[in-house]
């Protein structure tokens, strides 16, 4: 009896030891599997996420550099590199972007059941509406290009006919994409989508550079023709007309009309690049619900002085533009008077803008509202673009200051040019500070939300992302009656329903038929008038150089100091950036107008 018990006990001990050994080896193998899994994830997951942004950015930059190399060769009039080569390259890039946008839209249609996060700060309806207007003008320009090609099709490359057709298709598809998908926060196929979005960004940047180069070359040829007519210099004028006769009577009209539409096409592509860059920065981003709400006010009470002064500035701008263009090609005396008139007008305009921006900054300093430090790629890009595009006009202004102080000639507009250049620097300082201060200020309580965004669900809602559902229905009146109303914009877009927050009843009953009237906020009214005035002034300062009023070419002071080739290079760099700065300031100031 006892040996059996001992044997049984020994067997048990042996089995127990065997079990322990097996457990040890099993835990070791599980530990190895965990290490292998972590290594696999680090190589296949985190590594591309961290480096896809750099890889895609390098890809897009090299696309732009290839196009820039072609443009420089064309500008040098190298016979081996022609405009058709650049247009063929741009056409291929647009076709690739069309394929990517089609693939993206199809994938999103197949994923309708899954919820897509959206960044409500990426764009607004009025920005998309403005871009649609610019796109329509670009389509008109494409129609003129097609008409120009039809007249000269016997002696020009077929690329000149294919390019406007592809560009028009690209414009229509891109506007559709901007309206319905630009706010998407991409969470699937992240690495591939980064390359697709950055390809779209740099394709539009290349088209912008091509438009800037064509417009600058056209203006430079006109400037050379003007100087030759006045007897200043015998400069070589490059003729870009084909070597055959036009088969229609509208070729000259199409050719001359193109350059009036170039400014709108240029602004369209640079704005699209900015919006797509925000979409690229949002890929894989985790949206903070508390900061993904826009409390914007659209009340317009008290708007009197700002619109009146703005319309006065716009009307005077049209008059200055007409007088300058008609008088700058006449005698020397009329030319000098036209340039002097421009500088006096510019000084008055810039003084008013500096005073308005400084007044807005003083109001903000007296308000003591905290700054909004939440992550917002769109707002950060606005800030960087304001500073980056200011460099062009600052550089041009300091060159003018050096030229005025060092030149030996003394035309009647010499010192007004100096004052105007210094005010350009000061005005951009003040305006940039005002815009950034406005965009980063936290909004006051009591403002209603953006009409684009839904409010919180009603008392009974079928779905919710804030709490776990109870059989699909949540009684918010019973569960959390005072909870802050927070929903995503795509809940409204996908379901087609409009939700409203439950109103919190006042403890003191109001008499029937009475209405609560908010007292007018004087500071807010002043800030709105300042924003409207600055919007109109920036539009005015965009119109003048965009349509040919560029005294920096005609005053002769900078050209005498720096030489013709160096100064025209400076202007070809600075003027496009200045044009973009003015239009971007208009967009930012309109956002300021809606926020204050």
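Yeah, the Cβs are placed from backbone N, Cα and C, and that goes for glycine too.
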Per TrEMBL, the range holding transmembrane segment, considering 11-33, 34-56, 126-148: 126-148
Seg_contact(the transmembrane segment (87-106), the transmembrane segment (160-180)) with at least 3 CB pairs under 8 angstroms, min sep 6: yes
Selected stretch (most C-beta pairs under 8 A with the transmembrane segment (338-364)) from 59-75, 160-180, 259-280, 526-544, 564-581: 526-544
The transmembrane segment (564-581) touching the transmembrane segment (385-406) per 3+ Cβ pairs under 8 Å rule: yes
Contact call for the transmembrane segment (59-75) and the transmembrane segment (192-213): at least 3 Cβ pairs under 8 Å, seq gap 6+: yes
Stretch contact, the transmembrane segment (126-148) with the transmembrane segment (526-544), Cβ-Cβ under 8 Å, 3+ pairs: no
